[in-house]
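Taken verbatim from TrEMBL:
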SIGNAL    1-18  signal peptide
TRANSMEM  28-46  transmembrane segment
TRANSMEM  58-76  transmembrane segment
TRANSMEM  88-108  transmembrane segment
TRANSMEM  120-137  transmembrane segment
TRANSMEM  157-173  transmembrane segment
TRANSMEM  180-197  transmembrane segment
TRANSMEM  235-254  transmembrane segment
TRANSMEM  261-283  transmembrane segment
TRANSMEM  295-313  transmembrane segment
REGION    324-401  region 'Disordered'
COMPBIAS  351-365  compositional bias 'Basic and acidic residues'
COMPBIAS  378-394  compositional bias 'Basic and acidic residues'
Amino acid sequence: MPLENATLLLLNATTAAAAPSLPRSNDLWWVGVLLDCVATLGGASGKQLLRHAAVTKNNWFIPLGMFFTAVIDPIFDISAYAFAAQSVIAPMAGMVVVWNVVLAPFTLGEVLTPSRKRGTLLVVLGTACSGFFGNHLVHERTVDEYLALFARPLAQLYYVCFAAVSAVCLYYLRRGSHFWRGFAAGALGGLLAGNMMTTKASVEMVKCVALHWGDAEASAAGGCEQNPFLTPYPYLFITISLALACGALYLLAVGLRSFEALYMITVFEGFMVISGAISGNVVLNEKEGHPPHLMALYFGAVLVILAGLYVLCSGEQQSLANDADGEHNGLAAHDGARPQRPAGYKRGARRRGDEGVAMVRDEGAHNAAPLRSAAEGGGEHASTRSQSPEERLADLYNAEV
């Protein structure tokens, strides 16, 4: 009899561990959205401070920018994950674009071009729709359930695709043109920042232990009957989250050195939205219990974000090309223009190595000043120490013609 009871208890425990936790309705998801709005405001302010430090070469703004970006933003962002699913919180990163568009023309003096307006509008529209059509259910899982989610074949396929896209970004970051290097830095940084699976898992574990401390029945119902922090996995999750965040901030700082905040932050946050939305639904399986038509609308909103990024990058690339053409034409016009021929001078002899250059005055002029050759010193340029400004101008004219 004792053996049968022990066997029955073991089977019950195994069944409970194997059965996934059922999602439940979450009426406080809007609290997570509000918290993340505050987080994005802090993040936008910090990124603009970093851009200001890069433009003005004033490194005193870097610690302040890092404080807003690495302290204020994560505190409110992590708190938001305690109230809403990752697939809902991740699209809220697009609010950084909103804050940036509102603030950058005043704080950084950056111009809001038509392509930036259109691209930003599409990103904001897609962000709002993805948050509205996202899954508002909450999943309470144990450590074993999170490990099982992270090891699923579909999750492994996501890791492979993420590694392939990251490799492409790294290639363009090292070998691409100036434009594609900046785009790759922002895209890769956003992809890293959007992979918040481990952050979501760690926050849920902290919340479960904090809310149900000392209540065995509530802890069992919340999925943390055994304290998860007595195992190494929460600390591994936190380490991975910190590494991804640091890598994302570094790549963002690299991009801001060469590109304006309105462009770079939009690329960064756009890819953060995409990776966060996909990883939340694929790796954390937050699509569970969500109606198919709402899921289709959700990913349609993600496609709108991609369209906004395309409009933004196309306009920015065209703007860079126009600037380069204008600069090239300006230099060509400057280099191709001959100096105005001085009055009283006509074309004289050219340089002849050791013989120098003779500058001959016009009709009746007989007092031309000979130019000594610099060939004696190993060069071909004539010395102009004894020349008047008029004679040096004439020499320049003869060199051009």
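Any Cβ shown, glycine's included, is placed from N, Cα and C.
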Would the transmembrane segment (261-283) and the transmembrane segment (88-108) count as touching if the test is at least 3 Cβ pairs under 8 Å, pairs 6 or more apart? yes
Beyond the flanks of the transmembrane segment (180-197) by 6 or more, those residues with Cβ under 8 Å of it: 81, 86, 89-90, 93, 150, 162, 165-166, 168-174, 241, 244-245, 247-252, 254-255, 258-259, 264-265, 267-277, 279-280, 283-284, 313
Count, for each of 58-76, 120-137, 157-173, the Cβ pairs lying under 8 Å from the transmembrane segment (295-313), and report the range with the highest count. 120-137
As a test: from 28-46, 88-108, 120-137, 157-173, 235-254, pick the stretch that has the greatest number of Cβ pairs under 8 Å with the transmembrane segment (58-76). 28-46
For the transmembrane segment (235-254), what are the same-chain contacts with Cβ under 8 Å, counting residues 6+ beyond its ends? 47, 50, 54, 66, 69-70, 74, 185-186, 188-190, 192-193, 195-196, 198-199, 201-202, 229, 264-265, 268, 272
Residue numbers, six or more beyond the limits of the transmembrane segment (120-137), whose CB comes under 8 Å of its CB atoms: 23-26, 29, 33, 84-85, 87-88, 91-95, 97-98, 101, 262, 266, 269-270, 273, 277, 281, 286-290, 294-295, 297-298, 300-309, 311-312
What else in the chain is close to the transmembrane segment (28-46), if you only count residues 6 or more beyond its ends and a Cβ gap under 8 Å? 64-70, 72-77, 79-85, 88-89, 92-93, 95-96, 98-100, 103, 131, 136, 138, 265
